[in-house]
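J.: Sharing a structure here in structure tokens format.
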Amino acid sequence: MEGGGKPNSASNSRDDGNSVYPSKAPATGPAAADKRLGTPPGGGAAGKEHGNSVCFKVDGGGGEEPAGSFEDAEGPRRQYGFMQRQFTSMLQPGVNKFSLRMFGSQKAVEKEQERVKTAGFWIIHPYSDFRFYWDLIMLIMMVGNLVIIPVGITFFTEQTTTPWIIFNVASDTVFLLDLIMNFRTGTVNEDSSEIILDPKVIKMNYLKSWFVVDFISSIPVDYIFLIVEKGMDSEVYKTARALRIVRFTKILSLLRLLRLSRLIRYIHQWEEIFHMTYDLASAVVRIFNLIGMMLLLCHWDGCLQFLVPLLQDFPPDCWVSLNEMVNDSWGKQYSYALFKAMSHMLCIGYGAQAPVSMSDLWITMLSMIVGATCYAMFVGHATALIQSLDSSRRQYQEKYKQVEQYMSFHKLPADMRQKIHDYYEHRYQGKIFDEENILSELNDPLREEIVNFNCRKLVATMPLFANADPNFVTAMLSKLRFEVFQPGDYIIREGAVGKKMYFIQHGVAGVITKSSKEMKLTDGSYFGEICLLTKGRRTASVRADTYCRLYSLSVDNFNEVLEEYPMMRRAFETVAIDRLDRIGKKNSILLQKFQKDLNTGVFNNQENEILKQIVKHDREMVQAIPPINYPQMTALNCTSSTTTPTSRMRTQSPPVYTATSLSHSNLHSPSPSTQTPQPSAILSPCSYTTAVCSPPIQSPLATRTFHYASPTASQLSLMQQPQPQLQQSQVQQTQPQPQPQPQQPQQQQQQQQQQQQQQQQQQQQQQPQTPGSSTPKNEVHKSTQALHNTNLTREVRPLSASQPSLPHEVSTMISRPHPTVGESLASIPQPMATVHSTGLQAGSRSTVPQRVTLFRQMSSGAIPPNRGVPPAPPPPAAVQRESPSVLNKDPDAEKPRFASNL
């Protein structure tokens, strides 16, 4: 029984963890034998392992509990390891916005964390989370010390009270801990911006810099002095010397104010942090720092104003005794002292009264010097800070002041000054940036990203960019330059040399041509590319109807980009041909190149579909409107449409024609009213056949050739609407009464015109008429009549003194009457006798020529002489004598209709 109980007791002892008994003898007897027989072969080993408490493999049930005890021992170790890792991570720089700005990327931050781990034990990184929160606590403690300590030293006589001692001991302890941490905190090398983590280098740098000041401000020198004095004879302490000791202790307590250096350093670090993260927060922090420093200096000065009389036992001539404030409360004493100090520092007076004693006088002068210096520094810093907050607006104001001085120097008129002011307001919007310089300093990917973002609205509204290669869009946008045009500004002028093309970001512009239609361009449209493709002159004028914000592209940059993207060049050329077709013009260079591309087969199906979509969108974006300046204009007013802008400016009234031109043979049946034509939204491609009625005024070529179709009635009906006809009574009212002249030349001219009318009617009847035409056979087309009746090279001279010469198109295209005159230029009688109407004139009346060459207009408005065709013979003397009588008309009849009184 005993032998059986011992194993149980042994097993119980194993359960308790006491498995080793060195003083116990080994068991003997049958029980021991039974135990040896009953114990498995591995039982001894298992028991041995259990006795050593290191059991990783257990046979049977004897090893389960030691494994649980091992897990119980590992729990505190794991918890300690977790806390140690957390605390170590706080000493390392965290992945935050500030550290990413400092080191550049997350990989660099992780590399810096590894440096901290390998630097040594308890090395604190200056940008770690632990140092951040510790500096925040130290900042609050320093502000409290710098405010409370001067008040306690000055206005409280008892320095040994329990609250005061607790406050001083706690603050001194915290500052001593900060002193120790500075030996383990890494420093930043100002030369290389590298963070030093070597403990030896950190220690040497701190000992050479701020250690002495921090050590003196952290040691409680006043309490050490009091402890030493209390160890001496108590009789001595109670004598008059005790008062001096207290005074000296107060002075020693002022050494804690040297903690101001730490405050300045910490504030500077926080300014750097806010400056690198938030510009506005940095400005706010700087403003609060300036205000706080001014208030702190005023607080110290106020305490000094009262401390000096206190150390002198309040002499009778000091300001405290004069105001009878020796026994007042400390709040009243502090208020008067602060008012006196701020009056000195702000240079606005001496406070309640002027200083009397010598000590007050010197303190007042010191306050004035310190206050003036601080005030100047505050004003300077505040001014620089305000200017730095909005430097772009300040640059705009300086720039506009120069513009105002320029306008005053040149004495520009008021309306022009207003236009310049409006331009600057819409162009810069109150801020000026050197955008070109800013973008040039960036790398290519960042610059392209910025340009794509700035022009996102243009890309979104422009079909050409929507269907183009993204690389082409980026290359094109990087070459653009921003421009602004005011309402009424001519962006491009017809006939000028083209050096830029424009993309409309926002605004409305009108395309002005010589036809009876004006087209509008809106957001996403572009123009001016035709000259860049052909190296020619402008084919139309574009005028801004509203404030237009455009992007311009120079010809060099245009060609540079299109050389890399030939498909986009073909897209520009296709759209240019379609646009010229819509305004009734052609360009041989573009047509030849387009035909060459078709013959060579460079277009594939995909490109054809893309080009069709681009042309379709371009037609949809262009808005065609009827003319608004000529409400009574007929369908093809060749007289006004072919007049140059210079001649219109020079001539304020339509030309005067002879009264004899209004014969009965030239008048048709009257129409109810003159109707304004209603043009279609988009001109059809067949408008090339009518291009002769609206040729360009200032062409880059010396001559321009236009093709005529056969003069059928259907085409005549397309080219000209029925002209308003006057009754005979209306003609008599509009005709001025000429002076009596011989009637024989007039009768000859009328007979000649009647013969010409009959011949033309016979020719019209002989020609086949197109089916579906509504034009009667006896209708005479005005433009063909002018070609029949006159020589193409003959110069038609005006009869108005206000118009020196008409443009050359009048001699080739005279198709409709002027609204105010009511007669056609085709009915002007030819100033020549019947005997001269032979030869070339007869040949020209026989048929309509298939090709008509229009000469370029000269500066004087006349036509250069034709070298290929001999000039017509001069008119007879009888007709020359008749012209003066034609000009001698009633002046009263002409005044309401003409600007010049003839």
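Each Cβ is built from the backbone N, Cα and C atoms, and glycine gets one as well.
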J.: Checking Swiss-Prot: are I227 and D328 on the same side of the membrane?
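T.: Taking the topological domain names from Swiss-Prot at face value, I227 sits on the side where D328 is.
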J.: From the set N327, N791, which residue is assigned the annotation N-linked glycosylation site by Swiss-Prot?
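T.: Record lookup in Swiss-Prot returns N-linked glycosylation site for N327.
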J.: What stretch, picked from 132-153, 250-270, 285-307, has the most CB pairs under 8 A with the transmembrane segment (361-381)?
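T.: Answer is 285-307, with the largest number of Cβ pairs below 8 Å.
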J.: If you pair up every Cα among G528, E529, C531, R538, T539, R579, R582, the residues annotated as binding 3',5'-cyclic AMP, what's the maximum separation in angstrom, rounded to an integer?
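T.: Spelled out: the longest distance between any two Cα atoms in G528, E529, C531, R538, T539, R579, R582 is 17 Å.
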J.: I'm a bit unsure how to read this: which one of 132-153, 163-183, 205-225 has the highest number of Cβ pairs shorter than 8 Å with the transmembrane segment (250-270)?
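T.: Maximum Cβ contact count belongs to 132-153.
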J.: Counting only pairs 6 or more apart in sequence, are there at least 3 Cβ pairs under 8 Å between the transmembrane segment (285-307) and the transmembrane segment (163-183)?
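T.: No; fewer than 3 Cβ pairs under 8 Å.
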J.: Against which stretches of its own chain does the topological domain 'Extracellular' (308-333) lie, if we need a Cβ under 8 Å and a gap of at least six residues from its ends?
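T.: Residues 151, 154-156, 247, 250, 340, 351-353, 355-357, 359-360, 363.
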J.: Can you name the far-off residues of the same chain, 6+ from the ends of the topological domain 'Extracellular' (356-360), with a Cβ under 8 Å from a Cβ of it?
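T.: Distant contacts of the topological domain 'Extracellular' (356-360): 308-309, 312, 315, 317-319, 322.
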J.: Under DSSP, is R579 (3',5'-cyclic AMP binding site) helix, strand or coil?
T.: helix
J.: Take the Cβ of R582 (3',5'-cyclic AMP binding site) and count every other Cβ within 10 Å, whichever protein chain it belongs to.
T.: 23
J.: Applying a 10 Å Cβ distance cut-off over all chains shown, what neighbour count does E529 (3',5'-cyclic AMP binding site) have?
T.: 23
J.: Sequence gap of 6 or more, Cβ distance under 8 Å: name the residues on the same chain that satisfy this around G528 (3',5'-cyclic AMP binding site), in order along the sequence.
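T.: G528 (3',5'-cyclic AMP binding site) has long-range Cβ partners I491, I492, G498, K500, M501, Y502, R538, V542.
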J.: Helix, strand, coil: count each for the residues of the topological domain 'Extracellular' (308-333), based on DSSP.
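T.: The breakdown for the topological domain 'Extracellular' (308-333) reads 12 helix, 0 strand, 14 coil.
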